[in-house]
Structure formats: structure tokens, C-alpha cells
Ligand SMILES: CSC[C@H]1O[C@H](OP(=O)(O)O)[C@H](O)[C@@H]1O
């Protein structure tokens, strides 16, 4: 996507041809800073600390983390160690497992001498594929926005609610939930986006609002608890969110709070769409509540809030009473029954075994992540 007229992906090779450059998303929106990753350990740290985040981007970063590891030591032991290190960074986004399985499949049978080149090539292919998958999600999601626009008075915007950040910053480019929004805006369809701030890390207020503002898409940040009220008052025409892992039966794990939005949407007859590329589907499980691991992050993410102080410095302040602890589940699971449709790179389908198998017979039949 473009920032100040310059096109960016979220991950790219440095001019030295081997270090991997990422945008430090913990510094956005107030500072646009990049980090050059030079080792698998640095890639793992970037994922754990959410310098990079978003299921597809986590996978892409892990893939390049394996390439960095192979550059240092292309032995079997080093490959296994890198896969284990990167696989242990964050538990919920299945794209991480998918990408690491792709890298293992591309490298394990090669001689060590061939692994570095093959690793960088496979990581680059994963990134290029993600761009194409997300663009296709945009194209398949666009009609869902256009059909609502066609029913509204000329010029009246389609009001879309989204949760967390499932934009280009969560992927290599385009995003998932935001891809149809970008294409609708670019097609001249009047839209307005309600942006859930998305506590505790504020990916909505800090990242989605930053993305949409940079692209000229009208948007309003709201507290996480306002969405249901807006839906009750007819101010939301549809909800589009991303996902970190969706089961073969259409249960959706996404940022904490998504389930509550889905309940409110269901209660108010508001379409609730989930946008995802196929590497986000875990074909090996059906029951999301039982089988999707939910990441528990540090309590400090809840007890403290960071932002831009009046003196221009980015600071962190405590916002919870001293002595009180905090629980911080980072995701929740929305059952398929609350999902109107899934928007994928191959089209729109029901959130069901049948719906997904119809679009992905080749992948559903395997029953594995890759
Ligand atoms: C397109 S994946 C976006 C997905 O990832 C976010 O989680 P996190 O910021 O913790 O990596 C959130 O669940 C988004 O919907």
C-alpha cells in the first residue's frame, strides 16, 4: 500500500540482499520506523513482541526467519532448531505453522549447500502469493459492499465496522478484511468505516485508522463496546473482520472481542463477514472452541497504555489501579453459526464444511495445514 505516495510492502529484503526489513508496528502511527532482521532469533523476537503481527505477516516473517537461519548454518540440526524457535513464538495464527511447514517441505530434502538459496526463494514466493491472495479477497469481497451501496440513497456511504487490524499491515500487502474496503473506495463507492480501537494493543486505533487515513478512506474510531449500540441504531450496514485461524467447519478465531461483535451483528440482522486467505484455514480441526489455542499475552498490555505525549514523546502509562492484576486472552472464537459468509481468494462461501470444501476440494481432502 502507499504511505505518502510511496508504495510499501510490510516485509522486504535489505539492499545487502540478505537481511529482512520490516516496519516496526509497535511505533505506528506516530513513528514510521523499520527494522532490519539479521537472524532467526531477531525474526522470532519481532513476532513475539508484535513488531510484526497479523497472521499472514507472521507466516511471511517466520519464512524469512528460516532463510536467515540457513544463511548462518544450513545443517539439519539448524533447520530443525529454527523451525522450533519460530514455531514457538505465537500459538494462534495457523499461518505460522503453514509457512514453517512450507519451508520444511522446500528444504528438508535438499543438500545443505542448496538450502540458503531455496529458503530465500520459498520465503519470497510465500510473500508474492500472499499479495495475490489478498488482492483476490478484495475482488471477491467488493460485490458484497457494492450490493449494499446499490440499495442506499445516492452518495450515502456504506457503513462498515471492522475489528483490530486486518489491513495491509497484517499481511504482505492489501490486507484481508480491508482489501474489499480499499477496492470499494477506489471504485468510487461511498464508504465509511467504524474502527474498533481494539484494546489492549489498539491495533484498530493505531493501525487500521492509520491505514485508512493514509488511503483517504473516511473512518471513525470507536471504543470496542460501542459497536452493538451502533448496530441497534441502524448505523452499521455490514461487519468485515480478519481471522488468525479458521477451522474446516468455519469456526473463526480472531482478535479478542470479535465474538461479541458477531453476537451483536446476529442480534441486529447485520451481515458478519470474515475475510481470509486459505493458509489461514486449519483443515485438521473442526471445533474451534475446543481445538484452537488462544494466546494469553502479558498483563502489562492491559495495565499500561502507550501513546504520544504532549511533548511529542511516545510513553507508556499505567491505566489500572495499582495492585490489580489483569488477564489478557488475545483471541476468541466465533462459532460458524454467527458468520454470514467467508470471503476467500477463491470466492465467497458459507462458513461450513460444505462451503469450504466446495471452494477448496483440493485442500479439504488433505485434512492438513499444508
Ligand atoms: C489478517 S490477520 C489479522 C488478524 O491478526 C490480528 O492479531 P494480532 O494483531 O495479535 O497479530 C487480529 O486478530 C487480526 O484480525
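Our numbering is plain: 1 for the first residue shown, then up by one each step along the chain.
Note that Cβ sites are derived from N, Cα and C of the backbone, with glycine treated the same way.
Predicted, not measured: the structure shown is a model, and the values here were computed from it.
Annotated features, as they stand in TrEMBL:
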- 53, 54, 55, 90, 203, 254, 255: substrate binding site (BINDING)
- 164: site 'Transition state stabilizer' (SITE)
- 244: active site, proton donor (ACT_SITE)
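Counting only residues at least six positions away in the same chain, the Cβ atoms of 163, 164, 198, 203, 241, 244, 330, 331, 332 sit under 8 Å from the Cβ of residue 255 (substrate binding site).
When the binding-site residues 53, 90 are scored by other C-beta atoms within 10 Å, 53 scores highest. Listed in sequence order, the residues of the same chain lying 6 or more apart from residue 254 (substrate binding site) and placing their CB within less than 8 Å of its CB are 163, 164, 241, 242, 243, 244, 274, 331, 332, 334. Here residue 55 (substrate binding site) comes close to 93, 94, 95, 96, 170, 242, 243, 244, 245, 279, 280: these same-chain residues lie at least six apart in sequence, with C-beta atoms under 8 angstroms from its C-beta. For the substrate site, whose annotated binding residues are 53, 54, 55, 90, 203, 254, 255, the maximal Cα to Cα separation is 17 Å.
In the shown protein chains, 29 other C-beta atoms lie within 10 A of the C-beta of residue 54 (substrate binding site). Taking all protein chains in view, 30 other C-beta atoms sit within 10 angstroms of the C-beta of residue 164 (site 'Transition state stabilizer').
The DSSP secondary structure for residue 254 (substrate binding site) is strand. Neighbour density for residue 203 (substrate binding site): within 10 A of its CB lie 27 other CB atoms from the protein chains shown. In this structure, residue 244 (active site, proton donor) belongs to neither helix nor strand by DSSP; it is coil.
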